[in-house]
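Peer 1: My questions will all concern the structure given below.
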Amino acid sequence: MGLAGAQERAGRPLAAEFLPEVEEVLAERGEPPYRLRQVYAALAGSLASGWDEVASLPKGLREELAGRVPASVLELRRISRARDGTRKYLFFTRDGHAIETVMIPERSRRTVCISTQVGCPMACTFCATGLLGIKRNLKAREIAEQVFAVARDIAPERVTNVVVMGMGEPFLNYRETLRALRVLNDRRGFNLAARHIAVSTSGLVDKIRRFADEPEQFHLAISLHTPFEEERRRLMPVAARHPIPELMNAARYYVERTRRKLFFEYTLLAGVNDRMRHAEALAELLDHPLYHLNLLRFNWTDTGFSATSARRAKEFLRRARELGLSATLRPSRGQDIEAACGQLAARDARSPTAR
């Protein structure tokens, strides 16, 4: 949807929702409405990181904004670089919380994996982020600015894809997450096509249905990790509230409502969920032409689990495909800097600043 969720569903303009402090300053000064659009275009479109870069504003207004409203709400403290080209960004919020973001280079693609919460309350037993607990939700600017900062860092290369698969459960911060994604999608903002943006959830059924009803064509991924109910409850506490039959009803609603492919994430844990009976049960559970299984070998965290061998993972993939499943085995990226899936925990938040 071009005009940002029909201007936040016919409410306030997206620029005002995204920049309420700026809107307040402009209103106090009696500035014309187009000033807010200029600021929004400069920060979200041109990626200005300071008020002195917003040349479209009068000098006096730039000076007042500089004294009252931060041009950026995140401080980039550290960039770590992996051998495979992956980059991990350590940011601090203005109230001192650490969050992490990852950029994954693949041929012609540059994918940014962003966070939506400080920590995560879901407590998935194999995920380092879940060990942190939850501090607070991120605001829309804090979510979107992760992408802006990465875009500035990798220029002249461009961010081609955004995945909401970093720290936190995005559907527990639904409003701010959707607002940030609309800024990223908005042609007056970051101008990234909706089909290049994907959100991952641990399986909040009511929000899956709500997401299916949104006008934008964002993609969705559901963290599944096992087809067996009791095992899923042990791995993912959320399963106690949203059992697999309920989850699959929501999944069916999503694909029938949107006619878009639905991705299921599956982390292979050695001796836990990597047996052939799991592949066979998955083939029965994911029996829909729009379902796709993304397999990923476990990335080390100090949670007591270990990774399925590469050979076993390939056998699992082959069996799943033999049974008719659309499935992919995704490579792990950035493991040597703890930037891979499930590893984000801001462990180096107290390390010296480095670039």
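Here the Cβ of each residue, glycine as well, is placed from N, Cα and C on the backbone.
So Swiss-Prot lists the following for this protein:
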ACT_SITE  Glu100  active site, proton acceptor
DOMAIN    106-326  domain 'Radical SAM core'
DISULFID  Cys113-Cys341  disulfide bond
BINDING   Cys120, Cys124, Cys127  [4Fe-4S] cluster binding site
BINDING   Gly168, Glu169, Ser200, Ser223, Leu224, His225, Asn299  S-adenosyl-L-methionine binding site
ACT_SITE  Cys341  active site, S-methylcysteine intermediate
Peer 1: Using C-alpha positions only, work out which of the binding-site residues Ser200, Ser223, Asn299 is nearest to Cys127 ([4Fe-4S] cluster binding site).
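Peer 2: When the Cα distances are compared, Asn299 comes out closest.
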Peer 1: I'd like the number of other C-beta atoms within 10 A of the C-beta of Ser223 (S-adenosyl-L-methionine binding site), please.
Peer 2: 23
Peer 1: Cα-Cα separation of Leu224 (S-adenosyl-L-methionine binding site) and Cys124 ([4Fe-4S] cluster binding site), in Å?
Peer 2: 11
Peer 1: Can you tell me how far the Cα of Cys120 ([4Fe-4S] cluster binding site) sits from the Cα of Glu169 (S-adenosyl-L-methionine binding site), in Å?
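Peer 2: With the alpha carbons as reference points, the distance is 6 Å.
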Peer 1: Say you check the Cα of Ser200 (S-adenosyl-L-methionine binding site) against those of the recorded positions Glu100, Cys113, Cys124; which is nearest?
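Peer 2: Result: the closest of the recorded positions to Ser200 (S-adenosyl-L-methionine binding site) is Cys113.
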Peer 1: Between Asn299 (S-adenosyl-L-methionine binding site) and the residue listed as 'active site, proton acceptor', how many Å separate their Cα atoms?
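Peer 2: Cα to Cα, Asn299 (S-adenosyl-L-methionine binding site) and the residue listed as 'active site, proton acceptor' are separated by 16 Å.
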Peer 1: Out of the binding-site residues Cys124, Glu169, Ser223, give me the one sitting nearest to Cys113 (disulfide bond) by CA distance.
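Peer 2: Comparing Cα positions, the candidate nearest Cys113 (disulfide bond) turns out to be Glu169.
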Peer 1: Determine the Cβ neighbour count for Glu169 (S-adenosyl-L-methionine binding site): the number of other Cβ atoms within 10 Å of its Cβ.
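Peer 2: A 10 Å sphere around the Cβ of Glu169 (S-adenosyl-L-methionine binding site) contains 27 other Cβ atoms.
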